[in-house]
């Protein structure tokens, strides 16, 4: 996607489980914008230090320079200089990319909407579901408000089927359902699975209301 089919500012969201290529797709889109000589700003949560502290990195090894910030308010401050409301596009910015969007709090929603309303193309990548297969943070509202949504799948390394869920592992076994939601990790802590075998100890992560 070089030039978006949407005129003016808008919001694009790329979601999926771990290992589905979300960061890879974010890097691809932003790199194409850079090739087109568009002005791009990239942000990532400071909590994500798995590969590079100051780069967005895919599991395949592709990277793109980024600013690590603790929260959405820090992104606002970086763009406005004073953390004020963004009634106009930030000077020198055409496209803004944010990786691991699920780690930012609810303050991310009004920020990206302000940016889009101000004429900026905003591209987010993140997990739509946590390891319990429940909606992750503010991602549901971001998905609902986006002009463009792409849901990617990974590949289950057990059966080879398209994987839509993220299973957290502790000592090679599924994590407990009541374990903390946020745990930054990669292949040592997570695997991608299809719906059917996705479970967490202490509870089924995708309970069906028809089961009772």
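Glycine is treated like the rest: Cβ placed from N, Cα and C.
In Swiss-Prot this protein carries:
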type	residues	note
BINDING	16, 17, 18, 19, 20, 21, 22, 23, 99, 100, 101, 102	ATP binding site
ACT_SITE	100	active site, proton acceptor
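Other Cβ atoms within 10 Å of the Cβ of residue 101 (ATP binding site) number 31 in total over all chains.
Across the fold, the C-alpha of residue 16 (ATP binding site) and the C-alpha of residue 100 (active site, proton acceptor) stand 11 Å from each other. Pairwise Cα distances among 16, 17, 18, 19, 20, 21, 22, 23, 99, 100, 101, 102, which the record gives as the binders of ATP, peak at 16 Å.
In this structure the alpha carbons, written CA, of residue 22 (ATP binding site) and residue 100 (active site, proton acceptor) are 9 Å apart.
Local packing around the Cβ, expressed as the count of other Cβ atoms within 10 angstroms, is greatest for 22 among the recorded positions 16, 18, 22, 100.
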